Amino acid sequence: MVVDKIKDIREIIKSQKSQNKKIGLVPTMGYLHEGHLSLIKKAKENSDFVCASIFVNPIQFGPNEDYDKYPRDIERDLKLLEENGCDLVFTPSVEEMYPNERLTTITVRKITDKLCGAYRPGHFDGVCTVVAKLFNIFTPDIAVFGQKDAQQVAVIKKMVEDLNIPVEIIASPIVRDKDGLALSSRNTYLTHDERRAALILNKSLKEAEKLLAAGERSAEKILDAVRKTLENEPQCKVQYVSCVHPDTLDDLNTIGDKALIAIACYIGNTRLIDNLLWSVDK
Ligand code: AMP
């Protein structure tokens with residue numbers, strides 16, 4: 001079922017809830033790939049009525065970012081969602097989501113000042129505001145987000161905690177291509193040669209993983225190794241390489257039981273992110 005009006009979503013959800021169905025939500029910006037579909041699968045495992053939204057949210061893009069050229073293919077997306085057992089797809093217009101002048105913004109402070117937030121001012125305000133709206137529209141029991149956007153997971157979890165939103169946030173692992181490149185709708189911007197160069201992101205994280213497995217616990221040493229690997233690829237321009245706690249996003253000096261090694265790089269004009277979520281028991 002494909003619906004583009006908020007009032008129709010509310011009616012459908014009300015009817016599903018009256019049948020005691022647990023509602024699952026997967027927010028996306030479309031141009032779907034196996035990463036998105038893994039979230040649908042996870043939502044199916046954890047709820048009875050799986051909803052996805054496809055909305056390229058203008059307020060989370062900076063003025064010099066790729067809102068206009070962000071890839072879109074709604075027909076293909078709808079087919080994939082249907083094939084993967086998604087029960088309801090919400091495809092609102094910008095006017096449906098932002099009909100009047102918007103005077104309210106959700107800001108999660110502090111943890112949005114670092115990693116991607118430091119380079120994308122206002123981005124997480126845009127994300128939190130649209131996700132809060134989607135949570136109010138769907139009132140889902142669970143919502144699934146990809147670990148690919150690790151900071152987004154931490155920020156949304158904090159928003160839900162701080163605002164007492166009654167939803168369980170489930171994080172789902174990064175899905176990669178066979179050669180290790182993390183799937184992203186933005187990979188479509190890469191030329192053949194840039195795509196090859198982009199493999200350096202995952203390679204650098206593999207270096208970090210190797211050091212961690214060998215018992216290295218100095219964040220500085222691990223970050224040095226990651227940076228050195230990235231510098232081996234002339235087409236790669238590093239924006240940041242960080243080693244933080246996955247929940248608080250505080251920088252780590254010595255790695256304890258959990259760490260998030262997060263990187264953002266430009267390959268040509270395309271900004272790519274990737275990360276390694278490491279924990280002792282892994
Ligand atoms: P987007 O359409 O890029 O806004 O992504 C929608 C959701 O899919 C977000 O929760 C992303 O973290 C998640 N996602 C994107 N790429 C991947 C991937 N390669 N593996 C797992 N989840 C992903």
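Placement of Cβ uses the backbone N, Cα and C atoms for every residue, glycine included.
Note that TrEMBL annotation is computational and uncurated.
TrEMBL lists 29-36, 146-149, Val175, 183-186 with the feature ATP binding site. Annotation source TrEMBL lists active site, proton donor at His36. The beta-alanine binding site annotation in TrEMBL covers Gln60. Sequence annotations record features per position, and here TrEMBL assigns (R)-pantoate binding site to Gln60, Gln152.
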What recorded positions among Met29, Leu32, Gly35, His36, Gln60, Val175 have a C-beta sitting less than 6 Å from any atom of ligand 1?
Met29, Gly35, His36, Val175
Cα distance (Å, whole number) from Val175 (ATP binding site) to His36 (active site, proton donor):
9
Taking every protein chain shown into account, which of the binding-site residues Met29, Leu32, Val175 has the largest tally of Cβ atoms within 10 Å of its Cβ?
Leu32
Length of the line joining the Cα atoms of Val175 (ATP binding site) and Gln152 ((R)-pantoate binding site), in Å:
16
